[in-house]
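Engineer: First the structure, then my questions, so here it is.
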Amino acid sequence: MRIEEDLKLGFKDVLIRPKRSTLKSRSDVELERQFTFKHSGQSWSGVPIIAANMDTVGTFSMASALASFDILTAVHKHYSVEEWQAFINNSSADVLKHVMVSTGTSDADFEKTKQILDLNPALNFVCIDVANGYSEHFVQFVAKAREAWPTKTICAGNVVTGEMCEELILSGADIVKVGIGPGSVCTTRVKTGVGYPQLSAVIECADAAHGLGGMIISDGGCTTPGDVAKAFGGGADFVMLGGMLAGHEESGGRIVEENGEKFMLFYGMSSESAMKRHVGGVAEYRAAEGKTVKLPLRGPVENTARDILGGLRSACTYVGASRLKELTKRTTFIRVQEQENRIFNNL
């Protein structure tokens, strides 16, 4: 046993220090990034925000809606091959280039993902997703996926430390997904005592990944557009959002009515709700590590997408970054004990 003495920080612990800027307008900011990935050799351009691969966020409807904003969607793994075929038949090539195919690590997951990828060559992203990316089995699956799909861009996670980030990249991942426990409906930290404050995890993993020519996704912990800006400022190449995109018409959650008001259910993928829906319940040997919440209906996702992108552009103007690519170089974080004036928050 040992204790690391240096303090680790989350998004709520910092603000971005403003700097002199020559930008005249938020409209001058370029949010689109262009990437060429280490192993696949594929190039991609777009806004590097990703709708999370949760079945109450990462839906086909969400992918179609967010593609118009140049935003990616990691489509959840619970769609059948037939449902994928129907989606592909009704989608343009532009929508498909903004789609990630999500998978677990079982043999059945591998075979199903292979069938989905064979449906259309425009499906270039594979998202290999488990709660704990530290197992040897997971690393072996990433290597197996790289061998099977040498030209596909593979993202893999989740991890929170530099050495594991490096191992996944060396095993074949182009992008590593970073985050254990920061999500709005994740209870891993309180059920297990395991986790890592998200901003510090992003900073550490970005440094490790970029040294090897890899990239990272900051997954979880964002509650406002300002948090998205902080994640990019900390070195994230992509930012994945779950709760911020939940509760919309495209989100796919079940709608319930209570006292005449309608709500949409949103739950973590290790919650009792998710496990009952997909595997029949919580196994005797494990605990649920997610919760279920009822969200007021939020309408179409386009309004939220515009709000996020507008906040990100504004953050860039405050530090003089004419492109999103420059934001991390222009970012200085200051540690704080307050984020906002909350006097009217309950009104």
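Even glycines carry a Cβ here, placed using N, Cα and C.
According to Swiss-Prot, the protein carries these features:
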type	residues	note
BINDING	108-131, 216-239	NADP(+) binding site
BINDING	Gly181, Gly183	K(+) binding site
ACT_SITE	Cys186	active site, thioimidate intermediate
Engineer: Based on Cα distances to Gly181 (K(+) binding site), point out the closest of the binding-site residues Lys114, Val126, Ile216, Cys222, Val228.
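Structural biologist: Considering only the listed binding-site residues, the nearest one is Cys222.
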Engineer: Can you give me the same-chain residues 6 or more apart in sequence from Asn120 (NADP(+) binding site) with a CB-CB distance under 8 Å?
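Structural biologist: Spatial neighbours, sequence-distant, of Asn120 (NADP(+) binding site): Ile88, Leu96.
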Engineer: Including all protein chains shown, what's the count of other C-beta atoms within 10 A of the C-beta of Gly234 (NADP(+) binding site)?
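Structural biologist: 28, counting other Cβ atoms within 10 Å of Gly234 (NADP(+) binding site).
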Engineer: Do any residues at least six apart in sequence from Val228 (NADP(+) binding site), in the same chain, have a Cβ closer than 8 Å to its Cβ, and if so which, in order?
Structural biologist: Ile49, Cys222, Val239, Leu241, Ile308, Gly311, Leu312
Engineer: According to DSSP, collapsed to three classes, what secondary structure does Cys186 (active site, thioimidate intermediate) have?
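Structural biologist: It is in a strand.
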Engineer: On a simple 10 Å Cβ count over all chains shown, which one of the binding-site residues Gly181, Gly183 is most densely packed?
Structural biologist: Gly183
Engineer: Roughly how many Å separate the Cα of the residue listed as 'active site, thioimidate intermediate' from that of Ile216 (NADP(+) binding site), to the nearest whole number?
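Structural biologist: The separation of the Cα atoms works out to 20 Å.
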Engineer: For Gly234 (NADP(+) binding site), what is the secondary structure state per DSSP, taken as helix, strand or coil?
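Structural biologist: Its secondary structure by DSSP: coil.
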Engineer: Please report how many Å separate the Cα atom of Gly234 (NADP(+) binding site) from that of Gly183 (K(+) binding site), as a whole number.
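Structural biologist: Here the two Cα atoms lie 18 Å apart.
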Engineer: Which one of these binding-site residues has the most other Cβ atoms within 10 Å of its own Cβ: Ala108, Val126, Ile216, Cys222?
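Structural biologist: Answer by Cβ density within 10 Å: Ile216.
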Engineer: Measure the Cβ-based neighbour count of Cys186 (active site, thioimidate intermediate), defined as the other Cβ atoms within 10 Å of its Cβ.
Structural biologist: 25
Engineer: Could you round the CA separation between Ile216 (NADP(+) binding site) and Gly183 (K(+) binding site) to a whole angstrom and send it over?
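Structural biologist: Checking the Cα atoms of Ile216 (NADP(+) binding site) and Gly183 (K(+) binding site) gives a distance of 17 Å.
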